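*Asks:* The following feature annotations were taken from Swiss-Prot:
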BINDING   D26, S52  Mg(2+) binding site
BINDING   Y172, F173, E174, A175, G176, S177, G178, G204, G205, G226, T227  sn-glycerol 1-phosphate binding site
Amino acid sequence: MKLGKVERLLRSRVESGEKLFLLLSDPEKPISPNTVKLFEENGADVLLIGGSLNVTPYDIDEYIARLRVEGVKLPIVLFPGGLNNIAKSADAILFMTLMNSMDPYWIVGAQVAAAPIVYRLGLEAIPSAYIIVGHGGAAGHIGRALPIPYENGYIAAAYALAAEYLGARLVYFEAGSGAPKPVPVDAVAAASKVLSQALLVVGGGIREETLAAERLKAGADGVVIGTLAEKDPEKALRSSR
C-alpha cells in the first residue's frame, strides 16, 4: 500500500531530523479550537482525535468542522477507540491493531469491520500497531490488553519488531491516558534499536518537559500529548519542545 499524504508528511519530517509532536484530543472533552491553534503555531505536526466510548462519528465531524472554521490547518488523524470513532471529515486514520490484547476482536475483528468503512470514506489508512505498556489505563481495560511490565523493555521491543515484520508503519507505545508514569526509556531505546522502517511514537504519562525529552533522546520519533494539553496547555507546549 502506497504512502498517503499525511504519512509522507510525517516521514519527511523525521527524515529531515525533526521529532514529531502529536496532539491528542478526546472528542468527549475536546481541546478548544483556540488551544489547538496555539499548538499548531508552536510546532504540532498532527491532531489525533479519538479514544472515547461516548462519541459518535457525527460528534467528531462536528468538532472537525469547528476546528476548520476557526482556521486550524493541521492534518487531522483519527485515533479510533472503536468503530464509533470513524468519521469522514478526517484526513487519515491510524489503522491499528492492539498487539497485546487477549481479545481477538481488538487484534483483527474490529479491523475487519472497519476496513470497508475506511475504504468507502476514502480515508488515508496508516498501518499501525498499538502496544500497551505498564499502567494501560482505560485503553488497556477496554482492549483487554495484557500490559507489558514497566521493567521488561525487551518484551516491548519484541512486540514492536513483530509489528514491523507484520507490516506496521507506525508503532505506538501507550502507557495509558493519565498514567502515573510514562513508557520506560529502556523500552523506547530497545524498540528504536530494532525498528528499521516503522515510526515509533510514545504516549501516556508525559507530564514534564524532561519526560518527553528523555524518550525522544532514547529514539522515539515522536511523543503524543493529550491529558496535559487539556489541563495545562502552557506546560504541554514546553513538554513538546
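Any Cβ shown, glycine's included, is placed from N, Cα and C.
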*Asks:* Using all protein chains in view, find how many other C-beta atoms are within 10 Å of the C-beta of T227 (sn-glycerol 1-phosphate binding site).
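*Replies:* Taking every protein chain into account, the count is 21.
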*Asks:* So among the binding-site residues D26, E174, who's got the most Cβ atoms within 10 Å?
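*Replies:* Compared across D26, E174, the most Cβ atoms within 10 Å surround E174.
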*Asks:* Only counting partners 6 or more residues apart, tell me which same-chain residues put their Cβ under 8 Å from the Cβ of G205 (sn-glycerol 1-phosphate binding site).
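*Replies:* Listed in sequence order: G134, H135, A175, G176, G178, A179, P180, K181, P182, V183, L211.
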*Asks:* Please report the distance from the Cα of S52 (Mg(2+) binding site) to the Cα of E174 (sn-glycerol 1-phosphate binding site), rounded to the nearest angstrom.
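*Replies:* Approximately 15 Å lies between the Cα of S52 (Mg(2+) binding site) and that of E174 (sn-glycerol 1-phosphate binding site).
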*Asks:* Could you measure between T227 (sn-glycerol 1-phosphate binding site) and D26 (Mg(2+) binding site) for me? Cα positions, answer in whole angstrom.
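*Replies:* Cα of T227 (sn-glycerol 1-phosphate binding site) to Cα of D26 (Mg(2+) binding site) measures 9 Å after rounding.
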*Asks:* Any idea what the Cα distance is from Y172 (sn-glycerol 1-phosphate binding site) over to D26 (Mg(2+) binding site), rounded to a whole Å?
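*Replies:* Computed Cα spacing between Y172 (sn-glycerol 1-phosphate binding site) and D26 (Mg(2+) binding site) is 17 Å.
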*Asks:* How would DSSP class E174 (sn-glycerol 1-phosphate binding site) in three states?
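*Replies:* Looking at the DSSP assignment, E174 (sn-glycerol 1-phosphate binding site) belongs to a strand.
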*Asks:* Rounded to the nearest Å, what's the C-alpha distance separating D26 (Mg(2+) binding site) and E174 (sn-glycerol 1-phosphate binding site)? Just drop the number here, would you?
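*Replies:* Here the two Cα atoms are 15 Å apart.
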*Asks:* Can you tell which of the binding-site residues (G176, G178) has the fewest other C-beta atoms within 10 angstroms of its C-beta?
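*Replies:* Relative to the other binding-site residues in G176, G178, G178 has the fewest Cβ atoms within 10 Å.
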*Asks:* Quick one: of S52, Y172, which of the binding-site residues has the smallest count of other CB atoms within 10 A?
*Replies:* S52
*Asks:* Using only the residues recorded as binding sn-glycerol 1-phosphate (Y172, F173, E174, A175, G176, S177, G178, G204, G205, G226, T227), report the maximum Cα-Cα distance in Å, whole number please.
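*Replies:* Between the outermost Cα atoms of Y172, F173, E174, A175, G176, S177, G178, G204, G205, G226, T227, the distance is 17 Å.
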